[in-house]
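**Q** To start, I am sharing the structure in question, which I have written as structure tokens.
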Amino acid sequence: MAQWNQLQQLDTRYLEQLHQLYSDSFPMELRQFLAPWIESQDWAYAASKESHATLVFHNLLGEIDQQYSRFLQESNVLYQHNLRRIKQFLQSRYLEKPMEIARIVARCLWEESRLLQTAATAAQQGGQANHPTAAVVTEKQQMLEQHLQDVRKRVQDLEQKMKVVENLQDDFDFNYKTLKSQGDMQDLNGNNQSVTRQKMQQLEQMLTALDQMRRSIVSELAGLLSAMEYVQKTLTDEELADWKRRQQIACIGGPPNICLDRLENWITSLAESQLQTRQQIKKLEELQQKVSYKGDPIVQHRPMLEERIVELFRNLMKSAFVVERQPCMPMHPDRPLVIKTGVQFTTKVRLLVKFPELNYQLKIKVCIDKDSGDVAALRGSRKFNILGTNTKVMNMEESNNGSLSAEFKHLTLREQRCGNGGRANCDASLIVTEELHLITFETEVYHQGLKIDLETHSLPVVVISNICQMPNAWASILWYNMLTNNPKNVNFFTKPPIGTWDQVAEVLSWQFSSTTKRGLSIEQLTTLAEKLLGPGVNYSGCQITWAKFCKENMAGKGFSFWVWLDNIIDLVKKYILALWNEGYIMGFISKERERAILSTKPPGTFLLRFSESSKEGGVTFTWVEKDISGKTQIQSVEPYTKQQLNNMSFAEIIMGYKIMDATNILVSPLVYLYPDIPKEEAFGKYCRPESQEHPEADPGSAAPYLKTKFICVTPTTCSNTIDLPMSPRTLDSLMQFGNNGEGAEPSAGGQFESLTFDMELTSECATSPM
């Protein structure tokens, strides 16, 4: 079954997570219309190869045209309009950046597969009593459901008792007025009043019963309000707080378990019960106005009950107003909460009380740093204005599940310029990527005679003015959301708390697993721990400061740990994503460990790892070989950076890499990817077929062109070889080989970085006849 069809059969909670994946950057409608074709493409490869991305993008536009023709034949005007709009949007945004749409689609498809896997795992664990985590969560939710059901039942029982009391009071009122009228007549006629006294006794008995019923109802109302208070505290202080924490985790790459539908159903159910109870309390006031007496419990307790139910409902409504989707720039969906001035960002708010009567009634206003006292307390903090459509009315039509929400799609920030270049005080206490700002959403609710002011705010955001500030800004977002669940601590970085390696390791792994199909292994994390903390046996519980993580240079390096790692993450996403997803890149491994695992392998075995010395992010390969004396040697090529990988894919570099041996013959030192995968099996599918690489020769030309192929060659000196006699033919060949590369800019990749001895080596990227 196609992946998209499987997704349609999931429960509502999973479908809500599916909705979170899609936005204007890649509309869900397009995913629906072209599901089979989209799933048949290799988007991961397209995301790492611009030429292939361009081809796939143009094929995508062609598929849209074909689907449009089908809708045209079906006279489906709405779908025609939507598809035309989608195509125009894709052309305007991705025509010059086809790799961007490829990355977005690849990420969505991978998240879909993760969602299916999560649903399947949950289904398998549903009936297993030996899964403690699943059992605790299920039991907790069942208890909450039972409490809500109990509240609803008690409200309905009270409704019936209110009717009984009302009927009893009507009977008492009628008999009392009748007796009073008869008593007046008897007084006028002077008749015996024995009958009247008998009826008075009956009225007293009715009043006693009425008083008992009233006291019972007042007592039950007080107990019901206490039960509501308990359920509300569980919902807001536990369930909603847990959701907000999960949202924080999801923002920094953690599991996207942030569905709100179930929580919305619970809160809506409680709100409905509270409003019904408030009407019952109002009914008590009506009964009191008709019949009242000395010691009336309604007179004594109704005002307090009214005050309690109104306070509960107000607090529930205030808690139910949440930011469903945190501020995020569409071009950087994997890095929310970082906003660049002048660049549009989106956000979405939602009211978890699903009352149809509130549809199109709540006007939301957006502002930034409303409570500017905390922000202003930081010397030199910048100030911003929100531009664009900063007001919107909440409605149920825009959301896929009918929730009451408002999505802001066209917001931008502009810095308020001051005389010293925009900063309020040049003596700033924090750098700009450590400044935290809050985006606030406000509205007013008028419902059943109540006016309630609602306000919620985003998680703290970092505002940058240049995209080069993104790495440090994202580090701030990671550190904040990793270490605190305080949603408003804009002073966090005046004294940033210390994290533990266990916390940092989990977040670092998320940076890979959230944008690729693979997180970090224990061995890879251990290597990173060694870079941060130095050699050690057990890093669990070791403390890491904010400065060590992001600001201080690593030992012997001119850059920080985070700058180095972030550039590697960028390198993986843009250039070697497919190879990383396959698990072919060992990545983070110490040179000692590298030597240990390769030294026992046959010559030609190689592994792929990230450079430890390249600030911009580099990837290299290390292989084992035998020198002429039979001694095992471990060799590494100088790391390939983004600049080289822009011109040739890493898979093609590996497949074509050559060295010139002692006999001046080009040979490939790379045979088996560690541990024993043939090179062709691992990387062949990621190289273009020769038929695509070399177009047909012009049939009208005098002679066909000779086909050429770019390969990376490392010519060696004789420092580690015995001088061999060289024939004139070999010398001529080498001279010609050197002249072919004359004038060309030498590639940074292709040079040895010897792990055993120093070698004087050069690098050339040459063309050789096919």
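A Cβ is built for glycine as well, from the same backbone N, Cα and C atoms used for every other residue.
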**Q** According to Swiss-Prot, which of these ranges is motif 'Essential for nuclear import': 137-149, 150-162, 176-188, 605-617?
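**A** My reading of Swiss-Prot: the motif 'Essential for nuclear import' range is 150-162.
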**Q** Which residue among Lys294, Lys392, Lys685 does Swiss-Prot mark as N6-acetyllysine?
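**A** Among Lys294, Lys392, Lys685, the residue Swiss-Prot annotates as N6-acetyllysine is Lys685.
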**Q** Which residue from Lys87, Lys233, Lys451 is recorded in Swiss-Prot as N6-acetyllysine?
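**A** In Swiss-Prot, Lys87 carries the N6-acetyllysine label; others show none in the record.
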**Q** Relative to the Cα of Tyr640 (phosphotyrosine), which of the modified residues Lys49, Lys87, Lys601, Lys685 has the closest Cα?
**A** Lys49
**Q** Just give me the nearest neighbour of Lys615 (N6-acetyllysine) among the modified residues Lys49, Lys87, Lys631, Cα to Cα.
**A** Lys49
**Q** If you run through the motif 'Essential for nuclear import' (150-162) with DSSP, how many residues end up as helix, strand and coil?
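**A** In the motif 'Essential for nuclear import' (150-162), the DSSP-based counts are 13 helix, 0 strand, 0 coil.
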**Q** Quick one: DSSP breakdown of the domain 'SH2' (580-670) into helix, strand and coil?
**A** 24 helix, 29 strand, 38 coil
**Q** Please work out the number of neighbouring Cβ atoms within 10 Å of the Cβ of Lys601 (allysine), leaving out its own Cβ.
**A** 17
**Q** Rounded to a whole angstrom, what is the C-alpha distance between Lys685 (N6-acetyllysine) and Lys49 (N6-acetyllysine)?
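**A** So the Cα of Lys49 (N6-acetyllysine) lies 13 Å away from that of Lys685 (N6-acetyllysine).
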**Q** Which residue among the modified residues Lys49, Lys87, Lys615 has the fewest other Cβ atoms within 10 Å of its Cβ, if you could check?
**A** Lys615
**Q** Mean pLDDT across the motif 'Essential for nuclear import' (150-162), rounded to an integer, is what?
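**A** Averaged over the motif 'Essential for nuclear import' (150-162), the predicted model reaches a pLDDT of 91.
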**Q** Work through the modified residues one by one (Lys49, Lys601, Lys631) and name whichever has its CA nearest to the CA of Ala2 (N-acetylalanine).
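**A** Ranked by Cα distance from Ala2 (N-acetylalanine), first place goes to Lys49.
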